[in-house]
Amino acid sequence: MSSPRNGYRDRLILAVDVGSSVLRCHLYNQSGEICGSAEDKLKVLYPQAGYVEIDPESLWEQFVRVVKEAVADAGIQMSQVAGLGISTQRGTFITWNKKTGETFHNFISWQDLRAADLVSSWNRSLLLKAVHGVCTALHFFTRRKRFLAASLINFTTQHVSLRLVWVLQNIPQVRQAAEKGNCCFGTIDTWLLHKLTKGTVFATDYSNASGTAVFDPYLMCWSSFLCSLLSIPLSIFPPVEDTSHSFGLADPTIFGAPVPILALVADQQAAMFGQCCFDVGSVKLTMGTGSFISINTGETLHTSIAGLYPLIGWKVGDEVVCLAEGNASDTGTAIKWAEELNLFTSVADTEAMARSVPDCGGIYLVPSFSGLQAPINDPYACASFMGLKPSTSKSHLVRAILESVAYRNKQLYDTVLRETTIPITLIRADGGVSNNNFIMQMTADLLGQTIDKPKHTDMSSLGAAFLAGMAVYGPLKTS
């Protein structure tokens with residue numbers, strides 16, 4: 001059936017992006033145009049200080065609902081959907097019983113800080129120092145980059161590794177099930193695939209796997225060394241497939257038709273693909289809940305000293321594209337916090353408020369509700385305003401918050417320049433916060449660069465659609 005609104009008769013690509021704040025679904029035609037959309041605010045739980053969780057059943061209900069609403073918005077039947085691509089926040093994970101499918105706990109978010117003490121303890125440990133020493137020697141004799149990377153390894157709370165160790169140590173059912181080979185680990189993409197296929201498919205892709213810090217991107221497999229070091233059973237991890245891949249069919253009882261699942265991709269890598277940052281030296285700056293700066297390093301994995309992370313951008317057939325990435329966790333978080341304090345009534349007002357004063361009045365915000373990431377790398381850093389005076393107004397505070405985003409963007413950009421020594425060919429921005437022209441202009445001024453921003457900023461969804469569409473329409477045409 002064609003849509004009475006857009007007359008669309010061909011088959012569409014569904015793309016769902018499970019972000020840290022919002023769950024979005026768009027339907028795209030072959031030209032990459034949006035034909036239908038739906039979204040829902042993600043329900044995030046904060047059960048105690050430092051804990052950030054997502055109820056899996058609530059997420060599943062939201063996922064199914066936005067897909068159905070987007071299809072209805074496009075005015076088509078589910079049978080007209082050619083395929084589904086799923087983009088998800090990275091590093092948020094869950095474990096479940098392999099036999100029953102019952103989850104052992106809520107999703108533990110990438111923003112969760114419950115493992116902060118474990119992170120600090122491991123980073124100070126003699127064992128990790130010994131690992132650094134041995135790997136430094138191995139790198140000296142072999143010149144292999146994976147040994148250099150291991151010699152520099154330090155854990156962070158954003159990595160799955162020590163949050164998973166926390167789960168194994170503190171939730172007895174998980175450890176017991178793992179010991180019996182009856183435990184499955186999954187990031188959001190893996191769990192959604194499991195649910196969509198009624199438990200028949202257990203898999204992830206290279207982009208999501210590489211974002212866990214339990215995957216060895218140099219060997220392209222789960223790290224047996226790290227799992228041995230941390231006493232994590234390798235048996236719990238899913239097989240890793242290409243990013244654009246036929247993962248199976250969504251059970252027809254869910255949507256009313258057997259929708260092919262054709263792409264799983266991590267959100268930042270999806271945004272990189274959606275922005276068509278295919279050339280070495282192209283940079284993508286995403287500003288959403290957090291800020292993420294990624295540079296395409298081609299076939300070469302970057303080994304970082306300051307906290308940039310080597311990632312698999314995507315794998316399609318024989319092509320593997322690598323990225324180096326740095327992030328700041330609390331971009332949108334800081335703006336949302338200010339809104340909840342009634343510093344402004346609408347996010348749309350912040351730009352005008354910032355411009356209503358000539359400067360920040362000596363007020364500065366350290367935007368570290370979840371610690372400070374690269375290049376500072378301090379999980380215990382606390383958010384704080386500095387320079388408060390009796391004359392400080394709401395506009396000064398709002399301007400300081402927006403400026404803090406630009407300053408962190410500058411820090412991350414300088415880290416990329418200093419560490420990779422790759423000539424930057426272009427910079428493209430996306431994410432909800434990139435709609436703020438004050439932040440964008442200040443960032444461009446600080447970087448001394450022109451920053452391209454598309455009209456449509458949901459690049460993670462578009463990237464997932466492109467990757468799924470490749471399985472339907474063939475290779476992407478970039479000319």
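Using N, Cα and C of the backbone, Cβ positions are placed for all residues, glycine too.
It should be emphasised that the depicted structure is a prediction, and the values quoted were computed from it without experimental measurement.
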Same-site ATP binder from THR286, THR289, THR392, given that Swiss-Prot records SER20, SER21, GLY332, GLY432: THR289
Among ARG24, ARG65, ARG90 - the residue Swiss-Prot places in the same glycerol site as ASP267, GLN268: ARG90
Site extent for ATP, whole Å (max Cα pair distance, SER20, SER21, THR289, GLY332, GLY432): 12
For the binding-site residues GLY332, GLY432, the one whose C-beta sees the most other C-beta atoms within 10 angstroms: GLY332
Spatial neighbours, same chain, of THR289 (ATP binding site) - Cβ under 8 Å, 6+ residues apart: GLY19, SER20, SER21, GLN111, SER329, ASP330, THR331, GLY332, THR333
Site with most surrounding Cβ atoms, counting all protein chains shown within 10 Å, from the binding-site residues SER20, SER21, GLN268: GLN268
Distant-in-sequence Cβ neighbours of ASP267 (glycerol binding site), under 8 Å, six or more positions away: ASP17, VAL18, GLY19, SER87, THR88, GLN89, ARG90, THR286, SER460
Rounded Cα separation (Å) that holds between GLN268 (glycerol binding site) and GLY432 (ATP binding site): 13
